[in-house]
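Here's the structure, in structure tokens; my notes come after.
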Amino acid sequence: MNAEEHPDFLAEKERLDETVQYIREVLAAAKDDHQAFQGNIKQALIDLDHLDSSNSYTNILANANRLGATERDIEHLEVIQNRPYFARIDFSPEGTERVDPLYIGKTSLLKKDSHEPVIVDWRSPIANMYYEGQLGAASYEAHGRTFTGELKLKRQYSVKNADLDEIRDIDLTARDQMLQESLSTNADSRLKDIVSTIQAEQNQIIRADMTKPLIVQGVAGSGKTTIALHRMAYFIYTCAEDFDPEQMLILAPNRLFLDYISDVLPELGVGRVTQTTMTDYVQGALGTKLDFISKDEKLVSIIDGAPEAKTAEWAASVKSSQEYFRALQDYANDLASSWVPEEDLMLERYTIFSAERMNELFYEEYTYLPPYKRLLKLKEIVKTHVKQRSAEIIQKVENLYEEKIEKTRHGVRDEETRREKVVKLMDKKETHLETLKAEAKKIVPSFTKQLPKKTVFQYYEAFLTKENIQETYLSSLLSKEERLDLQKQSKAVRKMKRYDLEDAAPLLYLQVRLFGIDSDWTFQNVFIDEAQDYSPLEMQVLKEASGTSQFTILGDLSQGIHAYRGIKGWSEITEDVFPDATYLTLRQSYRSTVEIMNAANEVIRQQPYEDMILAEPVVRHDEEPTSIRVDGYEEAAKKIAAKVKMMQDDGYQSFAVIGKTSEECAGLNTALSNTAPELTSAVLDEDEEHGSRDIAIVPSYLSKGLEFDAVFISVLTETYKKTTLETKLLYVAMTRALHRLYYLEPSE
């Protein structure tokens, strides 16, 4: 209800005003501290020339740490100063008469003097009662204990610009109403946080055990992306003392998607997490730029029925399989084994370094290093050992000659004979010692020559294109004819100086397994959104490269438009990659209306798959999806423009035209520019910023993860065929719409 109509309005207004005032005071003090710490660092840098440098460095370090903490405090306070909290719970602990009113917001805030909570963080254990508790008997868990009591009040606030707009005391009915009102608002070009409307099934995923892998099958519009971001925020909160947010990686499907989530990250306190795409991650770990044929580029050729598409699709499925990964493992193991010297390092008849000892070091003592780094370590040890051992041997040989010379001096009576023999022995000694010294110098270079000189790219190219290697490692997977087809396809791609996207993970695997990667590319937690488009092989390699099994994997098999190379069922991941994973589902769809979601379910039902889950829409109604019949792009543009203007008058803000192909999108964009120049529009590609424009024009294969108030699906040039791929493409396009969905169809 309107805040002023609520019986507790005056008390709640006073509480809000006090909180806002306190935040502003704390913020002002934090800014003063920030300035002081900056001044201290500046002075300490000046004093480096005059004072004991160790004291100055300590001073700089201490102030830098305080400066960083203060900057984070300022960032959090600025986020909450105009909307400090969104909810309140009143909890009475068991065995007491006390009732604790707790105000829940995005971050916690304590009174400086008493440490009493002004705001409780939504991620705290006690705040869990707001999301999952019912009025009456309630409990929460913290520090390994269960705290019981009575939940006497659940209240929600709408606070805008530090003013109390609405107050609502909530039970189950009120909560549903509140959720529907939230869902009825407009989409804009950015993702929003949902801390005030998190549902119980979403909350369970956000707070699920972080020490185990988690796989979430979530229907379209179930809030997967938002849940992932809130789960990150929850983890950072619970592990703040011993965790650096940069040790958390989110892998997004493309840069467009990263732009889409960019605004909400700082608001949730996860602005410092590492964000990238799979290909950018691989290139970073390999330390070089590579030109990959993207999955969308390949998908377009499949949709268009290009002559080479069938072979490319087949090759992609081969290179995405677990069998291919096992072949790569065998290849890498054999390569590593071939690098270990099989013969002793000798100086004449003397053993300098035994092959047995080298094998011991390689296979036992240095197993914490990748094989190539073991060899480099071995090289340093050989170098030191050769220097020491060859000096001993040379000395030993010299001593033997000296003994012979002494024996000759004392054992040969004839002076002339004795002199000749001694001179001969001395000459022989000098020659022999020179030879030994020369041979000793060659040992390390000769050993170094045996070290592998090829790069990871050369090793992988051989695996892709050499029949003798493929016969050894791929004969159980592919016939000779199939191997030759794979070699031919791979050579054609490499001739263009490009790689298939499916080559990224194998390249990364060989780099990790043989050479190792920089620690900058290892992480403590990995989050993958749109995970249905990853292959089991990619998941396996990411697990090995990142150095962790703490993955949160979210996807929807109904939106698996890259299933030819991706995951066909989550069992492929739970059985082969993360056997100890927790598997959860999200069935409720919060994005689209009942009418839109029912239509989308009818479409996807035509292509059933393993463990299929149909979306259950939240009860929110609007118009049925409608067909608009037109003659060509120009008339389509006129009708789109007219509809958009009408909907803008009704308060809708974001609109998309989704074409099946990029060519169709370009045609519609040109027509819109000519017909309705007053409306801004642009075709989005995977690197395009979402930006602020009236109409976004998006190819169907790029629309995943996005949402708009109204969507126009164009089938002007060709319809969606009843294949698994095109059915999923249509399903994806339909489920981008929140409120209105239109089909642009030819008149005839």
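Residue numbering: from 1, along the chain as shown.
For all residues, glycine too, the Cβ spot is worked out from N, Cα and C.
Just so it is clear, the model here is predicted, and its values are computed rather than measured.
Annotated features, as they stand in TrEMBL:
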BINDING   Gly218, Val219, Ala220, Gly221, Ser222, Gly223, Lys224, Thr225  ATP binding site
DOMAIN    197-593  domain 'UvrD-like helicase ATP-binding'
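Residue with the densest Cβ environment among the binding-site residues Ser222, Thr225: Ser222, by other Cβ atoms within 10 Å.
Cβ atoms within 8 Å of the centroid of the Cβ atoms of Gly218, Val219, Ala220, Gly221, Ser222, Gly223, Lys224, Thr225 (the ATP site) belong to the same-chain residues Ile227, Asp556, Leu586, Ser589, Tyr590, Arg591, site residues excluded. Among the listed binding-site residues, namely Val219, Ala220, the Cβ with the most fellow Cβ atoms inside 10 Å is that of Val219.
In the structure as shown, the Cβ atom of Lys224 (ATP binding site) sits within 10 Å of 23 other Cβ atoms. Lys224 (ATP binding site) carries a helical DSSP state (H, G or I).
DSSP assigns Val219 (ATP binding site) to coil in the three-state reduction, outside any helix or strand. Sequence-distant contacts (6 or more apart, same chain, Cβ under 8 Å) of Gly221 (ATP binding site) comprise Ser589, Tyr590, Arg591, Ser592, Met597, Ala615, Pro617, Glu707, Thr735. Mean model confidence of the domain 'UvrD-like helicase ATP-binding' (197-593) amounts to 91 (pLDDT, 0 to 100 scale).
When Cβ atoms from all protein chains are considered, those within 10 Å of Gly223 (ATP binding site) total 25, not counting its own. Around Gly218 (ATP binding site), taking its Cβ as the centre, 27 other Cβ atoms fall within 10 Å, counting all chains.
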